[in-house]
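Here's the structure we're looking at; comments come further down.
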């Protein structure tokens, strides 16, 4: 058989084995796989993936440049709370002795001027009848009339004491002030627990008296002593208003 006849016979055999449906679509047997094709063109970029975990820290970089200039001073802060009181220090060394006061001419001049001013003031007040000097005592009044306790407080605040005569001369000085102001004067003494016995405010016993005849006769009910304008004394209650006279 020639090659052409053999080929034709095979063709008919293949055609005879093919089944066709009424739609004239024939289903052939799977053919032999062809050779792989060439690579296609690159596809488009895909979507961004999910964020990954942080990587490990990188190595330390090289040193930086030179440090900058110092900045300006800031504003002062608020004062802090006071600290605790420290311990008392040791006494310092004794200083050199100073010059005697009588050698300081400037000090002597100042003292002389002060003394002169005091004497002038005392002279003016004496002329007004509000102050009298007897020995080393000075008796003075501000012209107010108040009770015994108030007079005592006023005199203490002024640096003195309520006036009390301890000699006839002092008694006369206080009496002249009482007569000038036409008012009785409380004296700086008070009755003891024993009626008729009196003592000074410092606790000492009275060593000079000038009672009006028949006085004292308060029988313990009149604890204070007043001076009349003629200089005589009388025991009296301490709540009356009398001229305030102090002694310095």
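Using the three backbone atoms N, Cα and C, a Cβ is placed for every residue, glycine included.
Here's what Swiss-Prot has on this protein:
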{"type": "COMPBIAS", "residues": "54-65", "note": "compositional bias 'Pro residues'"}
{"type": "COMPBIAS", "residues": "69-82", "note": "compositional bias 'Low complexity'"}
{"type": "DISULFID", "residues": "155-246", "note": "disulfide bond"}
{"type": "DISULFID", "residues": "224-238", "note": "disulfide bond"}
{"type": "DOMAIN", "residues": "133-248", "note": "domain 'C-type lectin'"}
{"type": "CARBOHYD", "residues": "207", "note": "N-linked glycosylation site"}
{"type": "MOD_RES", "residues": "30", "note": "4-hydroxyproline"}
{"type": "MOD_RES", "residues": "33", "note": "4-hydroxyproline"}
{"type": "MOD_RES", "residues": "36", "note": "4-hydroxyproline"}
{"type": "MOD_RES", "residues": "42", "note": "4-hydroxyproline"}
{"type": "MOD_RES", "residues": "54", "note": "4-hydroxyproline"}
{"type": "MOD_RES", "residues": "57", "note": "4-hydroxyproline"}
{"type": "MOD_RES", "residues": "63", "note": "4-hydroxyproline"}
{"type": "MOD_RES", "residues": "67", "note": "4-hydroxyproline"}
{"type": "MOD_RES", "residues": "70", "note": "4-hydroxyproline"}
{"type": "MOD_RES", "residues": "76", "note": "4-hydroxyproline"}
{"type": "SIGNAL", "residues": "1-20", "note": "signal peptide"}
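Overlay of Swiss-Prot feature records on the structure.
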residue	record	Cβ neighbours (10 Å)
33	4-hydroxyproline	6
36	4-hydroxyproline	6
42	4-hydroxyproline	6
57	4-hydroxyproline	6
63	4-hydroxyproline	5
67	4-hydroxyproline	6
155	disulfide bond	20
207	N-linked glycosylation site	8
224	disulfide bond	24
238	disulfide bond	18
Local confidence of the prediction over the domain 'C-type lectin' (133-248), expressed as mean pLDDT: 97
Distance, residue 57 (4-hydroxyproline) to residue 63 (4-hydroxyproline) (CA atoms, angstrom): 17
Pairwise Cα distance for residue 33 (4-hydroxyproline)/residue 42 (4-hydroxyproline) [Å, integer]: 25
Residue among recorded positions 36, 238, 246 with Cα closest to the Cα of residue 54 (4-hydroxyproline): 36
C-beta crowding around residue 246 (disulfide bond), within 10 angstroms: 23
Alpha-carbon distance [residue 36 (4-hydroxyproline); residue 42 (4-hydroxyproline)] in Å: 18
Distance from residue 57 (4-hydroxyproline) back to residue 76 (4-hydroxyproline), taken between C-alpha atoms, in Å: 42
Nearest recorded site to residue 67 (4-hydroxyproline) by CA-CA distance, among recorded positions 36, 57, 155, 224: 57
Rounded to the nearest Å - Cα separation of residue 57 (4-hydroxyproline) and residue 36 (4-hydroxyproline): 47
Counts of helix, strand and coil residues, the compositional bias 'Low complexity' (69-82), according to DSSP: 0 helix, 0 strand, 14 coil
Three-state secondary structure, residue 155 (disulfide bond) (per DSSP): helix
Top Cα neighbour of residue 36 (4-hydroxyproline) in the set of recorded positions 30, 70, 207, 238, 246: 30
